[in-house]
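> Got a structure here, written out as structure tokens. Questions coming.
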Amino acid sequence: MTTILKHLPINQRVGIAFSGGLDTSAALLWMQKKGAIPYAYTANLGQPDEEDYEAIPRKAMEYGAEKARLIDCRKQLVAEGIAAIQCGAFHNTTAGVTYFNTTPLGRAVTGTMLVAAMKEDDVNIWGDGSTYKGNDIERFYRYGLLTNAELKIYKPWLDTDFIDELGGRHEMSEFMIQSGFDYKMSTEKAYSTDSNMLGATHEAKDLEFLNSSVKIVNPIMGVKFWDENVVVKAEEVTVRFERGYPVALNGVVFDDSVELMMEANRIGGRHGLGMSDQIENRIIEAKSRGIYEAPGMALLHIAYERLLTGIHNEDTIEQYHANGRVLGRLLYQGRWFDPQALMLRDSIQRWVASEITGEVTLELRRGNDYSILNTVSDNLTYKPERLTMEKGDSVFSPDDRIGQLTMRNLDITDTREKLFNYVETGLLTSSAATGLPQVDNNNLSSGRGLQDKRQ
């Protein structure tokens, strides 16, 4: 039995994720005129570019919605964002600059909370504005069906009748005007923007071309730190964590996690912290490009990982990074609530995040330029007296180290024998300069690698 409806279901309740923009406004009005019973659901995600959330449901009612609801998703969104920080659930990085998966986090919250609200209203058909080429269509599909097993999916943008009548923004605007609504299209930007309180995504249009840089973007959460005319003053900030959770900024304790994230955004945003330019692999394996903002997430992430490296041992940190990358990819794919993701989340939060208690002081400058000024924690295993280069008491003696090095002789002997065995098989070549077998870089640079030598 199919879950995707290709044509508008007449005389049935159809829920639509309603943003108040031209696309969803025209879709809602069109569905109502064609005989469906539209219900509008708007997620309050703390979007930095939204001025009046309360006005959005009122618009939906004007356009013909049977019912319109505003769902406050902010607290849940921040909870999921902090969980992602605790787990390092970020897999897209370029030269150490991270994308904080803010859109996938928003979809996880929206896709579950809106469908749960629809279920309360006995609405079992859902539509949203995602296109068939992107990631969101699959994310919403998964989260929707996980939340309501009886859910059917109807998307106007997959309905040929809708596309034939209102296939472009101009046609949508004319349709609204002809229907008695003085709806004017907003000025077209050179790119598309989607945001929530964790971060903003800028993509498409001019940004699809790699010779269009971050410089064409007007940040909505930060500043144009690349513009020399923009004054950005250095600023010190202290972040405190308790058992993996951020609790204070600059000595101010926040009981409300939403307010803490908003303040972190304000602090990081003053510097353009957390902006990144990424080429990534969509769920369908095609590459796309996005420019991202996430000032608060970046600030908390830096402080969290500073404490992490001072508290946990090398093997734990390695597992944190490895599992975090896997978890980040699952999040990106719309699998944040799947068992394989929950397993990784639980283990990292239980055994890694629970020990992250302390304070980190940073100096923020322009963009992602910062310095760590101080790190304080009762849980630090970093203890300078253990390895001090100065004369004094030590936890081990020179004789202890001699014994430890002597134990390495077995491994060194075995390794040396293997290297010379590789010379005999042709995998390595002898080197008079170093006395050790070496990879033949001349062969590698001419296009011949180890596989050629095996033949």
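Including glycine, each Cβ sits where the backbone N, Cα and C put it.
For reference, Swiss-Prot lists these features for the protein:
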BINDING   Ala17, Phe18, Ser19, Gly20, Gly21, Leu22, Asp23, Thr24, Ser25, Ala43, Gly129, Thr131, Asp136, Asp194  ATP binding site
BINDING   Tyr99, Asn135, Arg139, Ser192, Thr201, Glu203, Glu280  L-citrulline binding site
BINDING   Thr131, Asn135, Asp136  L-aspartate binding site
REGION    434-455  region 'Disordered'
COMPBIAS  434-448  compositional bias 'Polar residues'
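Tell me what's around each of these sites.
DSSP classifies Ser19 (ATP binding site) as coil under the three-state reduction. Around the Cβ of Ser19 (ATP binding site), 20 further Cβ atoms fall within 10 Å across all displayed protein chains.
The DSSP secondary structure for Asn135 (L-citrulline binding site) is coil. In the structure as shown, the Cβ atom of Asn135 (L-citrulline binding site) sits within 10 Å of 21 other Cβ atoms.
Neighbour list (Thr131 (L-aspartate binding site), Cβ cut-off 8 Å, at least 6 residues apart, same chain): Ile137, Trp157.
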> Rounded to the nearest Å, what's the C-alpha distance separating Glu203 (L-citrulline binding site) and Asp136 (ATP binding site)? Just drop the number here, would you?
14
> Mind checking which of Ser192, Thr201 has the fewest other CB atoms within 10 A of its CB? They're the binding-site residues.
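Minimum Cβ neighbour count within 10 Å, taken over the binding-site residues Ser192, Thr201, occurs at Ser192.
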> So of all those binding-site residues, Arg139, Thr201, Glu280, which one's Cα sits nearest to Gly129 (ATP binding site)?
Arg139
> Quick one: give me the count of other CB atoms within 10 A of the CB of Asp23 (ATP binding site).
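15, counting other Cβ atoms within 10 Å of Asp23 (ATP binding site).
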> Which one is closest to Tyr99 (L-citrulline binding site) in space, judged by CA to CA distance, out of the binding-site residues Ala17, Ser19, Gly21, Ser25, Asp136?
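Its closest listed neighbour, by Cα, is Asp136.
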